[in-house]
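Take a look at the structure below.
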C-alpha cells in the first residue's frame, strides 16, 4: 500500500513540477474597477503574472497597446500602470475614463486580464443639507442627509452631530447603514438641539457639514401612519447584509408586516425585523424580488414597495482544467458561467479573439463550447473564456499543451524461422496522438482475417496501441515479409520483417511493373518456403547487376533500379531461386518504362513598366501525348492576361501518362517611387491625436522614413525613433501617427521615399500645434469680508483669441450687473480675467467658475468664495437652575462663514445695569452649554450672550430673567496630606473646606484614589467617609506596593458634593520581595569554599529597589545538630562562600532584599564541601598498664574534614625515629601496645587518615612502662549530649597496676556527691555509668575517680539532656485583604537545634486546618490568597532533633475588609416615571472586599410575589421596566462579599400617566370613630408592653450569655490563675504591707484576652519589693467593672546575652522533667535568647477614636536639665470589653497575654530598667478602633542566629507593655538619665528575675501625697493635645560615675521611642552566674519562698 502511495504522490509532484516550470496566473483576478481622485492619481498593478517572468503589457479595450504620455500616463517595467494627478483641464476620456486590460506572455502562452475600468473623479462643487422634521413625543423622527445626485455615488455620511456633540448609535439614537439618523422615543428635550450631518468624499477626502435642522416635537395625537423612511430599489452582492428601511410615524404606534412577491415572508433566521426595517443577513440570489412593508394602526395604513436585486459576481470556469493533446488532434473546451443569466461570452487564444473557421467551431446557446480540429503546433498556449455583463466581467483560462503525435513504433517482431502448423504471434507496440491505427500486410498484400489469421489491438496503461497478428496453424504460404503500418493524422510509420516457414521453396506470382524514367524502382521476388540457398536476378540471361544503377539484395530477393532509363532498363526480369543443390525455380516480370515531360528552363529578364514580354515553354522530351498549361501565382492565367501582364510568379506545367512537371520563373517589373499622398502643412491640437499623411508606390515597394526638425526656424532634420507602443507610430501606409500631441511636437516633418529604382523622392510639411484654452491658475478657495470689495482672478493659456466667461453656480454672470465687474488683460500668450464684486453680501458665498474658450477647446476653474461676516446671535435657553449656578444652553445660528471663536456670557442682577454686568469671555466654541457659578441663592439675574468669530461680534441674544435656587457646597477640602504607612496603605488626612464655602453642614467626603504611575487606571476608586470633626483621616488599604498614587477628596452635604481637591501624590512604602531568587545553583569548589549563583527575581516581584542579596547558610553537623546560622550580603547574583568547614553538608538559602527588608527565601539546597586531610586528634592519652604494656587512647579530630578511614599510632624511642606504627579502625579510640621495655621512655602520637590523605599528628606524649603503674583514666573529660527518654552510658576506662577501682560522683550545689544507684542508674564492671530512660533532671556534671595503690585520676563529664523545643511566641505583624503575615520568637530549643516549624491555620468557623512547613532560619511567614474580611486561627510548632515541641497558643487575626454598605445620604432613585425606575447603585460600597453576589427583588406592596431582576453583577445603575402605573412598590437588595452581606429595603411609587405623583400609603381607616380611638389606645398599650417585655427578656439573655462566657473564660485561664497564686502568695511580706492590703495594687483579669492591670489606689504608699497581691475568685469576677486609663511609653532595646540557660516555662512541666534542671541544662558559652523585649508607646487616645503620633516624635530635642514637659505625654483609654466591636477591631488576639507567668516575666524585665524604675506599669490589651491608628516602634530584635528581623509597626498590630513615669514626676526624672545594672544586694540578689514578685510593685522611695495624686491623675482620660518632643535628660555626676563603673562600654541615653542597649556583662560575671545557677534545683526554698538569683538581667520578652 505504501509503495502505491509513494508512486501516486510522485506522479502528482511530476504534474505540479511540470506546471510550475512554465505557468501563467492571475494575482488579483477581482480587480475590475479603479476610481481615483484627479488630485492624487493612481497606480494599477497588472493583475496577471507568470513563471518564468512574463512580459507585461497594457492595452485599451479596443486592443490598442497604450503608450506613455509624459506626466500623464506611464507603464513601469514591472507592469504597473500609473495615471498621474492632473488638473481638470487635462482630463481626457481616452486616458482618464476608459477600459484597460493587461497581458502576460511567456513561452507557455499569453493571457489577458479582465477588463479594468479606470475612472478619474474631478473635484466638483456640492453641498449637503438636512431638512427640519416634525415628530410626536414618544414616536420616531428620521433625519436624512440630502446629497446631490452627481456626487451621491462618492459621498458617505460619516457622523451626525447634536449641537456640537457627535452622536453614537445607542439606545435612542441610531445611525443606519444608509446614513439616516433615527431618534427613537422622541422626548421634548430632543427639540432643543440642532442636528447636522457630516459627509466625506470617498476619493478626494473632502468633508462637508450640512446646515442645522431642528426637530419640532408635538404632543401625541391620533393619526394614521406616515412613511418616514423607505426604499425603491436596492442592489446587494450575494452573501452580504442588506437593510430595507421602512419607518413610519403615527399614533397609536403603527405595526409592521413584510411581504415578498405578494406573499408573507417565510420563516428564516436570516430575516430579522429591526427598528429601521427589515434586515437580511447573508443574502442569496433567491432573495431577489419585490418587497412590501405594510404599516397600519387603528386610524389608517401605508406601505413601502421596493425591489431588491441580489447580484452574484460573475464566475467563469473552463473544463477540462488540464488539456494535453498532440498535433493534428481535436481539442474541446467548455465554459460554464454563474452569477448571471445575461452575459456575452467570447474565446481567446494567447490573448487574441478566436473566430469560427474551417477547423474551429463555437457552439451552444451562449457560445460556451469551443471545438478545434486538426490542431497545429502553433495552436498550443493559453485559452481564455471571457463572460461580460455591463461593467462586470469574469474569465478563466487553461493551458493547452500540444505534443508531436507522429506514430512511433516502440517495439515490434523480428525475423524468425518457424515450422509448419506452428503458431506465430506478431506484435507492434505503437505510440502516437491521436491514437494511431495499425494495418498488416504480407508481401505487400493485405492479410486476410480468417479462422487461421486473427488480428486485433488494445490500449496499454501507458496509452500506447498494442496491435497483434496471430497465425494459429502456419503453412508454407504464410511465409514472407510481414509489415505493420501505423498511421494517424500526424503521420505514418511502418515496420517489416521476414517470417520463414519451413517447407519446399517457391516464388509467389509477380505482376508486371511500370517504371518512371529518371526515378528509382524496386522489383520484389517473393520466395516462400524454407530453406533455400540463393536468389538471383537475370535480364536477357545476364546476371544482375551488371551496371552501377542496379543492386540485388540476395537475402530478401529485392532488385533496385536507380535512375531508370527507358532504353536500358525496360524489358523482362527473371528471378531464380536455388531450392536445392542443382534445383532451381524461377518467375519473370516485365518492366515498362515511361518517360515524363522535360521543360527547357527559362527566366524572365528585367523589364521596365510598359514593355512587351514573350516567354516560350519548350518540352524537349517525354512520351506523347503531352499537355501544357500556364499559372500565375498558383492560379490559372485568364485569357485577358495576354493584353496586360504584371509582376508575379509564372509557372509552365507539362503533363503526360508518366508525370506532370512544371517550371516557374518570377517576372519583376521595377517601378520608381512616387507619392500617392503628399504631406501638407497641418494643425495638431494639444492632447489629441494627429496623422501626418504620406503614402507612395513603386516596385519594389518603397521605404518611407520620417524626419523631424523642432520649431519654426531653418529645418535641421533628425530621424524619429519609431516603435510600436510609443507615442509616435508609423502606419502601414507610411503616414505618421502622433497619438497624443504635445506642445513640443510643433515643427517641420520630412517624408522620404526610396526603393533603389530611380531617384528618391521626399517632401516636408509643418505641424502647427494648437493649444486649446486651459485654465492654468486660479484659487481653489478664497475668503471675503461682507461689505468689502473682492476680486477673483483666473489665468487662461492657449491659442488666441480666448474668451473667458464667469458663472455663479450654473448662472452666467452678466458683467453689466451693478455689483459685478469683469476685466481682461493679455500678458504674453495668457489671458488674465478678473471678476470684481463690490460690495460682497452673504448671498455671494458659493462656487464661482471661470470658463476659458477658444477654437480648439474649453476649460474651467472652480473657485469657492466664502463671504465672512459677524455671526448671528445665539438663541439662549435655560437648561437647569440650581442654588449657586445657572446652566444655560444655546443654539447657534449662522456663523458668518467664519468659525465661532468663542462666546461672551453677561450676567447681572436684575436691578443693576448692563455696564456692571459680570462677563465670561471666550467660552469655547465647541460648547453649546455653560454654567454660571458663584451666584447668590434666591437672587434674580438677567443673562444674555454674544457670539464671536474672526470678523466680529454678534448682536445680543435674547435676554433671560432667572431666579436661583438654594445654596450648595462649593469648596474643596483643605490641607489634604498623604502619608505612606506601609507598602500597601496610605493614610489620608484633610480638613473641612473653608467655612464660607461649605454652604451647609458637611456630612461626608468622597475620597478618590488612582494609580499615578505609567499604566495605572485613569479612573478614580471612590470611598465614602462620614464626617467626624474638623480633621478627617482614612487609610487606603490593598494598594500596590511601592507605587505612586494620586488622591483627591470631595466634600459633600445634603445638597450635593463639592469640588475635588488638588490631586496629591504619594508612594506606598517599599516592601520586601515577594518571590525568591530563582535557579539557585551551588557547587563545592574546595574543602572550604562553595560557589553560588542565582537569577534575580522578576521586577514586579521586587516591590521596591533591589539593595542586594542575602545568602543564609548553616552546617548540618554529623550529630544531627545545626551549626551556626550565618548570612552574607552581596549585590551580585553570585557569591563564593569561604571559610567553611571541610567535608560538611551545608544548607543554603538565598533571598533578595530591598530597603524594606528581606524577601522570600529560596528553597533549601544542600551542598557538601570537598574532602580534605583530617585535623589532629583532639586529645591523646597514654598510660602504663604493666611493665611492658602501654594503653593509648585518643579523641577523634575536631575537624574530621572527611570520612576517617583509619588511625595510625606511632611509637618511637628516641623521638622522632619511628620504632613502630600501628593501625586502628576508624571507630576504635584505644590501642594496646605490648612488648615494650620497662623503665624506658617512649614517644607516642596518633594520626587520622581520610581518603585525601594523612592528617596532622596529635600532640606527642611520653610514657614509660612501669611495674607499679598508677591508676590512669583513658577516657577524656567533656560534654555528653543525648535526647531524653533514652539510655545513656558515661564511659570511664581506667588502667593501672594493680587494676584501679572506679567511683562516680555528681555535682550538687558545687559539692560533688556519690551518684544514686537505683533501678535507672548503675555502674558497669568496666567502670561505665549507665542511666536508663534519661530525664531532664539527669543533666549535670559527673565525675569519675579511678585509684589504686600508686595513684588516682579523675575526669568530669557534662551530661546534657535534649528535650523537644519549647513553644514559639507567635504574633501577627501585618494584615491585608488577602494576606496575613506572622512572625515568631523561638522558644527554648531544648538543647538541640531547631530543624523547622509547622504552621497550621484555619478559618475561624472551620475545623479544617491547613499545614505549612517552614525553614528553621525563618522568623516570619506570609499566608497569601486568604479570604477578604475573614477571621483566621494560627498555631506554630517547632521541631528539633528530638521531635516536635509544644504547639503555640492559638492566635486569631482578621484580613482587612468588611461587609458591603450603602450610605444613608446616597440617593437610590435616579429617575421615576409611570412604568420605569432607574436605580442609582453607585452608592454601594464593597467594604474593601469584592462583591460576590447581588440580588434585587421588587413587588407591589399589596402582593406577596417577589419579582427577581436578572442581575449577575453589581453595576452603576439598573432600570426596572414594565412597572404598573401609579403603584407603590417595595424593593429589597442583598449584596454579599466574603466578609458578609448587607440588605436594603425601600418603598417607592410610580407616577401617574400625566407625570404626577400619587398619594402616600395610608393605613385602613375604621368607619366608626369610637372604635378607631379605642383600638388605637389598645394598640399603644400592647406595643409598650411588648417593648418592655422584650427589653426584660433581652437583659436576661445578656446576663445568661455573660455568665456563660465568664465561665468559659474562667475555664480557659484556670491554670494561669493557679500559677499566679503560687507565684504571689509564697513571697514574704512585711507587716506594714499586710496591714495595707486595701491600698495595694490589684490584679484585673479580662477573659479570654487576658489583661493584667496593676492599678494604683489614691492613697498608695511605698510598698516593699517583697510584697505580693493575692489573686482571689472575686478578682476574677470583677471583669466587667474594670475600666483603665493607661499611660504608655515605649522603649525597644536589644536582647541581653545571658548564661543562665533557658528560661523555665513552668506551665510546660512535662512528666519526669525538673524545671530547675531544665533551666541549667545547657549552661555555657552558647546562649539562646528566648525572648526579645519590645515596649510600645501609645499616643493619646480620645474616648471614642484613636489617633497616631507623627514620626517626628521619634527625634530627640535637647532641652535644659531638669526641665519638665507639660502634660503632653501619651495617654490612652483602653476599655476592657469583649464585644463584637472589639473582636472586629482586633488583629492580634490570643497571644496578647496567654499566661500570667509570661506577663510576670515581661513585667519583671521592665522593672529591671533604671529608666522604668518609677514607672507607672500597665499591661493591657490594645483595642484598635475602625479608624485604626498605629503604634510607633523603633529598633530591631536580634536573635542568636545572627539574623536580623525588623519588627514593623502596622496599623492594627498592637505592641504594649509598660510605661516610664510622667516627666513631671521630678523626683523620679533623675533616675532616667543613664541605664544602670541592677546591683546584687539584699534578699533578692539570688532570685531569678522571671520569678521575682516585685513586678507587682512600684520600686523606689515612698511617694508623697502630691506624687500619689499625680500618679492618680495619670489614670484619668486626657484630652488630645499637641505632643511635644521630649528633651534629652542630662545625668547627674554620681549616676554617671556609677554607670561608668558598671560597664566599660558606652551606653546610650534612654529616649522615648529609640533603641537603648543595656551594658553587657564581662566573662567573669557570666561564669559566676553559671556557677550560681547550676547549684539550684528548686524554685522554692525550705520555707516555701521563692529562691533568689544573682542574675539581675534575665531574658527579655515581647507581648504582641
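Just so you know, glycine gets a Cβ as well, placed from its N, Cα and C.
Annotation source TrEMBL lists domain 'Ig-like' at 125-216 (among others). Helix, strand and coil content of the domain 'Ig-like' (125-216), in residues and according to DSSP, is 8 helix, 40 strand, 44 coil.
Here TrEMBL flags 225-305 (among others) as domain 'Ig-like'.
Marked as domain 'Ig-like' by TrEMBL: 407-500 (among others).
TrEMBL lists 504-592 (among others) with the feature domain 'Ig-like'.
Taken from TrEMBL, the feature domain 'Ig-like' applies to 596-668 (among others).
According to TrEMBL, the domain 'Ig-like' annotation covers 772-868 (among others). Helix, strand and coil residue tallies for the domain 'Ig-like' (772-868), in that order: 3 helix, 62 strand, 32 coil [DSSP].
Annotation comment: TrEMBL describes 870-967 (among others) as domain 'Fibronectin type-III'.
The annotation domain 'Fibronectin type-III' is assigned in TrEMBL to 972-1071 (among others).
Residues or ranges marked as domain 'Fibronectin type-III' by TrEMBL: 1076-1172 (among others).
Taking the domain 'Fibronectin type-III' (1176-1270) as a whole, pLDDT averages 88 in the prediction. Residues or ranges marked as domain 'Fibronectin type-III' in TrEMBL: 1176-1270 (among others).
The annotation domain 'Fibronectin type-III' is assigned in TrEMBL to 1364-1458 (among others).
The domain 'Fibronectin type-III' annotation in TrEMBL covers 1459-1556 (among others).
Annotation source TrEMBL lists transmembrane segment at 1580-1601.
What TrEMBL records for 1702-1795 (among others) is region 'Disordered'.
Marked as compositional bias 'Polar residues' by TrEMBL: 1840-1850 (among others).
Summarising the annotation, TrEMBL assigns region 'Disordered' to 1840-1867 (among others).
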| request: Helix, strand, coil: count each for the residues of the domain 'Fibronectin type-III' (972-1071), based on DSSP. | output: 4 helix, 55 strand, 41 coil
| request: Between the domain 'Ig-like' (772-868) and the stretches 125-216, 225-305, 504-592, 1076-1172, work out which stretch tops the count of Cβ pairs under 8 Å. | output: 125-216
| request: May I have the DSSP-based helix, strand and coil counts for the residues of the domain 'Fibronectin type-III' (1459-1556)? | output: 3 helix, 46 strand, 49 coil
| request: Check the domain 'Fibronectin type-III' (1076-1172) against each of 225-305, 504-592, 596-668, 870-967, 1364-1458 and return whichever range has the most CB pairs under 8 Å. | output: 1364-1458
| the domain 'Fibronectin type-III' (870-967), counted residue by residue under DSSP: helix, strand, coil | 3 helix, 48 strand, 47 coil
